[in-house]
Amino acid sequence: MCGIVGVVGNTNATDILIQGLEKLEYRGYDSAGIFVVGDNKSQLVKSVGRIAEIQAKVGDSVSGTTGIGHTRWATHGKPTEGNAHPHTSGSGRFVLVHNGVIENYLQIKETYLTKHNLKGETDTEIAIHLVEHFVEEDNLSVLEAFKKALHIIEGSYAFALIDSQDADTIYVAKNKSPLLIGLGNGYNMVCSDAMAMIRETSEYMEIHDKELVIVKKDSVEVQDYDGNVIERGSYTAELDLSDIGKGTYPFYMLKEIDEQPTVMRKLISTYANESGDMNVDSDIIKSVQEADRLYILAAGTSYHAGFAAKTMIEKLTDTPVELGVSSEWGYNMPLLSKKPMFILLSQSGETADSRQVLVKANEMGIPSLTITNVPGSTLSREATYTMLIHAGPEIAVASTKAYTAQVATLAFLAKAVGEANGKAEAKDFDLVHELSIVAQSIEATLSEKDVISEKVEQLLISTRNAFYIGRGNDYYVTMEAALKLKEISYIQTEGFAAGELKHGTISLIEDNTPVIALISADSTIAAHTRGNIQEVVSRGANALIIVEEGLEREGDDIIVNKVHPFLSAISMVIPTQLIAYYASLQRGLDVDKPRNLAKAVTVE
């Protein structure tokens, strides 16, 4: 949610800011702005809408070597130009961008800022006026005023501050919100995501919570809020420009759907050796073995991936698995087992709700494993252990390859632990072979894009509602399938356990209601699901049947190549991803950037 980019150095800041903000578009936003200063001149440009509108406003009129930019996803205040970032202080001297939520902004306003002319509706405006207040009223330097403000401000935040009277410095601070420093030659940068700086640098420095950084073109100094200097090394990010381009694809989502066979094979080469033996950290295996119950905490698509792997983990390890929604557990953690272990699933590794749970787990001394796509992310740094899903950058807001990669990564973990436990079922489960078959199954489904597109046009082009139904693992897939369809096509969609239809949901079925049924696993489950299909068809529904090879009947719509039952949630989800894609495309919507959504949810 939101994105920050900043640069100080000897280069054209405007171009870098615009390019950086474009790389952060995938995070989600409704307004944007930049501030550039240099040669005793400065300019602030803001707009509601896309980055292109900022670019059009800028033209050739803005130049300078220091600047900050921001994409905003509204939390406090409507998406207006006035509420867009950057924000200025009352005198215009100080300029600030902010991600996060200032929880005590009303208290700050009433205590310190009663004489200040606050124009907007945002909590960010409070922060910049507070800094100016301490400079003017307490006669503090900018650095000391910023520190004093940081001691008072409560909540989650990532700040980048410029004093227009000192165009050679950006002041940065963070707490519970992602922010990085990019190190260049003769310039340095600030960003929410390494993606924003991929053209300029591959060397980065982490900022930890409640740290302040003084960024100049030739130096970076990290301090705590009391002014103590902290030594901090840098690291090199493994990103490539080719990874973040669309190439010949019209949308990132379609590209990322197509990349899933490659991701499966990448995971095989990462978590298994040439002999097919598991290559999972022995410390992780031991920690899982010592747990009497595993708790998978996640949100959105990652939550569904946890469900998709639950049965497999339990059968291969003999360890019970419980799923939890991170946003609920952060406030209301249930009674835990005697030896719990937390597994946190997050594509970005920055999900604020999951981090809230992780902080509590660490306080309680509970071991934790983060499964993420981003090395060095907050959840990765703060968990006891990390496993990477190696999906490559996922730009589209609607997650696809991260879901399948999370399920596959959990499969490697489950097999490794099961083998260590001496479980025969785990030893007999040839994961390398079976996941190779999954990759082939995905490729076969991807070759049927035209067929799926035609089915979507017949079924979903004008509907306002739709339902997915399934049993067993297929039910878990329907949850993810429904989320995909609703978030990018805006069709109100729900995924249900097929057996629950008659307990209430069937009352919503009427003429031409689309019902998409998933059938895999075995003939007994298939027969029951087909019975449910007949129930809705007899009440006027239009049914589309996605069925695994070997269970198909004449008239079924999409046949998915058979895979091992433990991995069917991967192969069965692929046609539903394409259904969502084509439903959005055929409705003329922005597939990659659905309204109101953010890629990384970094506020609670």
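Positions of Cβ are set from backbone N, Cα and C atoms, glycine also.
On a predicted model such as this, the values are computed, not experimentally measured, just so you know.
Listed in Swiss-Prot:
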type	residues	note
DOMAIN	2-218	domain 'Glutamine amidotransferase type-2'
ACT_SITE	CYS2	active site, nucleophile
DOMAIN	284-423	domain 'SIS 1'
DOMAIN	456-594	domain 'SIS 2'
ACT_SITE	LYS599	active site, for Fru-6P isomerization activity
CYS2 (active site, nucleophile), number of other Cβ atoms within 10 Å: 28
Per DSSP, three-state class assigned to CYS2 (active site, nucleophile): coil
Helix, strand and coil residues within the domain 'SIS 2' (456-594) as assigned by DSSP: 69 helix, 28 strand, 42 coil
Tally of residues which DSSP labels helix, strand or coil - the domain 'SIS 1' (284-423): 67 helix, 27 strand, 46 coil
